[in-house]
Amino acid sequence: MDKFLVRPDLRDLQGGGEEPAPTGGASGDLKSPDWRHLRAEGLSCDYTVLFGKAEADKIFRELEQEVEYFTGALAKVQVFGKWHSVPRKQATYGDAGLTYTFSGLTLTPKPWVPVLERVRDRVCEVTGQTFNFVLVNRYKDGCDHIGEHRDDERELAPGSPIASVSFGACRDFIFRHKDSRGKRPRRTVEVVRLQLAHGSLLMMNPPTNTHWYHSLPIRKRVLAPRVNLTFRKILPTKK
């Protein structure tokens with residue numbers, strides 16, 4: 001049987017962007033959120049609902065207004081040497097002097113906008129971590145998705161976690177161990193599944209991205225949009 005971290009109510013399964021009863025700083029002590037800890041072989045993640053519904057709704061509206069997404073060539077991804085349209089919208093924001101390379105693209109982030117700074121600062125406050133870059137992914141509905149991958153780019157600061165903050169529709173999120181992938185896996189390792197609620201924070205701690213791939217699969221029943229912010233600590237570009 002697959003492992004589960006969170007079981008939301010039926011409203012979440014319909015993709016309406018509602019979150020379960022707040023379990024984190026949104027309703028209690030901001031600096032002491034109610035974390036749910038997910039542990040497996042080589043996997044270390046922590047989950048909480050960080051923003052209550054009213055605040056999460058407000059942030060979602062501001063993200064829809066303020067974030068400028070890639071178009072043209074920047075809206076394509078390279079897979080096995082071929083270029084394909086990205087099945088979601090993407091944008092990058094961060095500190096000056098940074099670049100980030102993934103899927104065949106080298107990107108220079110846009111300057112921070114207020115809503116992204118506000119979310120970043122909240123995440124830093126409750127985790128004690130610092131982040132200088134964010135990748136924004138917008139999924140218009142359950143047909144938009146991202147395949148199995150690891151966030152292991154060379155620009156990432158060694159030993160730094162990745163903070164994933166979700167707004168909008170609740171979506172399934174799946175971890176698969178690198179040894180259990182493909183038609184002839186080396187061995188069987190339980191898949192780890194969770195559902196990322198509106199206003200939630202998932203901390204992916206080392207060495208998770210060394211051993212586990214993660215994905216956001218197609219879910220046609222989900223009709224509402226979702227915006228995900230993955231905050232990272234990037235090494236300055238060498239000159």
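Just so you know, the numbers here start at 1 and follow the chain as drawn.
Using N, Cα and C of the backbone, Cβ positions are placed for all residues, glycine too.
When H37, H214 are compared with the Fe cation site residues H149, D151 in Swiss-Prot, the one appearing in that site is H214.
As annotated in Swiss-Prot, motif 'PCNA-binding' covers the listed stretch 3-7 rather than the other ranges in 3-7, 43-47, 123-127, 173-177.
Of all residue pairs in N137, Y139, H149, H214, R226, T230, R232, the annotated binders of 2-oxoglutarate, the farthest apart have Cα atoms separated by 20 Å. In the domain 'Fe2OG dioxygenase' (130-235), the DSSP tally of helix, strand and coil residues is 7 helix, 50 strand, 49 coil. With respect to their backbone Cα atoms, H149 (2-oxoglutarate binding site) and F102 (substrate binding site) stand 11 Å from each other. Ranked by how many other Cβ atoms sit within 10 Å of their Cβ, the binding-site residues D151, D152 place D152 at the bottom. In this structure the alpha carbons, written CA, of Y100 (substrate binding site) and D151 (Fe cation binding site) are 11 Å apart. When averaged over the domain 'Fe2OG dioxygenase' (130-235), pLDDT in the model lands at 93.
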